Structure formats: C-alpha cells, structure tokens
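Here's the structure, in structure tokens; my notes come after.
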Amino acid sequence: MRNQFICVALLLCALNSACGLYFHISETERKCFIEEVPDETTVIVNYKVELYDPRSNGFMPSSPGIGMHVEVRDSDDKVILSRVYSSQGRISFTSHTPGEHVICMYSNSTAWFSGAQLRVHLDIQVGEHAIDYANVAQKEKLTELQLRIRQLLDQVDQITKEQNYQRYREERFRHTSESTNSRVLWWSLAQTVVLVCMGFWQMRHLKSFFEAKKLV
C-alpha cells in the first residue's frame, strides 16, 4: 500500500506541466515552442514583453504599441489560434487532438530602431495546473474540503488523459514500427529478386559467349 502511494505521488509530480522562462527576439524573429498535450486539455500561456533600452543597458516595460502575434497549431498542423495580443497577457486554448502543439510568437512591430531587442517572459501551464482554483472556489462558493476534492478529481482526470495519451503514442509508435518493418521486408525481397534475375542473366550471357566461341 505504501509503495502504491509513493508511485501515485511520483506520478502527480510528473504531471506538473508548467514551465517558466524568458527569451530574446529581434524585430522579425519568430520563436516556437512544442508542448505535448493530451486531448481535451486546457493550456494557458502567460507572457510579458520588455523592450531593450540602450541608455540604461537593460530591459524596460514595452510601449503600448508593441504587441505579440501568437499562433498555435495542433498535432495535425491545423491553426487553432492566431491573433495579435498586447505586450502582456494571458492566452487560453483547449486541445481537441492529442499530440505536439506548436506555440509560435513574434512581434507585431517593424518600426524599431536598429539593434533593438525584446525580452519575452513566458509561462506555459497545462491541465489542472492551468486552473485558478482560488477563482473557482470564490465563484462556486466551495469550502476548503470541497475545493480539495475538486483538485483531486481534476488530478485523477489529468492522470487518465495522460495515460490515454501514452497509449496513443505507443499505438502510433507500434504502427510506425510495423510499417517500417514491412517496408524493409519488401525492399529485401525486391533486392533478392533483382540479384537472382541479374545472376540468371549473367549465366545466360556467359553461356551464349562460350557457345559463340565454341568452348562448350
């Protein structure tokens, strides 16, 4: 029983699908991030843009005219979100197909002076980590116990989605492996047939040559 509890705890820790980082982009540069997301899972992206100030040699809050164009594509390369946001915001979308989702960001401004840079702070949260439970408790008037039960139910639901996604990946990998093995087999058979045909042709050619020279 204790070992089962430890396994569940480790699995819950592994599901902590949130990452915070920052990156620099230039005027026309495009940055993309890949996030593996199960189906019917909420993803929230928080970002903040800072503009490089050469006078202070640091990054300052960007002007209101500078924003970010955000584009999200699902595992089928279908655009599920594409629009221009302000210099700081919160983006939310729900996946409808499991797999790799590509989140791309680039500036909507092309009027910067030469050498300007943007620093973009980015935080991506997936699954139950994207839910604001304080807001949920206030909106639905939940007690502390009810809220905790709600969190546990969401975690179980996320674990189920993750398991289904892993099964989906295993099935896709197995299908790819079987397809590759089948192609290798047919290619080997084709090579064998070609070699046999070439050997047969060479034997007939040599026989004709020897007969022409009256050696046989």
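Cβ atoms here come from the backbone N, Cα and C positions, even for glycine.
Copied from Swiss-Prot, the annotated features are:
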- 1-20: signal peptide (SIGNAL)
- 21-183: topological domain 'Lumenal' (TOPO_DOM)
- 30-126: domain 'GOLD' (DOMAIN)
- 134-164: coiled coil (COILED)
- 184-203: transmembrane segment (TRANSMEM)
- 204-216: topological domain 'Cytoplasmic' (TOPO_DOM)
- 213-216: motif 'Prevents secretion from ER' (MOTIF)
Can you check how the pLDDT averages out over the domain 'GOLD' (30-126)? 83
Taking DSSP H, G, I as helix and E, B as strand, the domain 'GOLD' (30-126) contains 0 helix, 61 strand, 36 coil
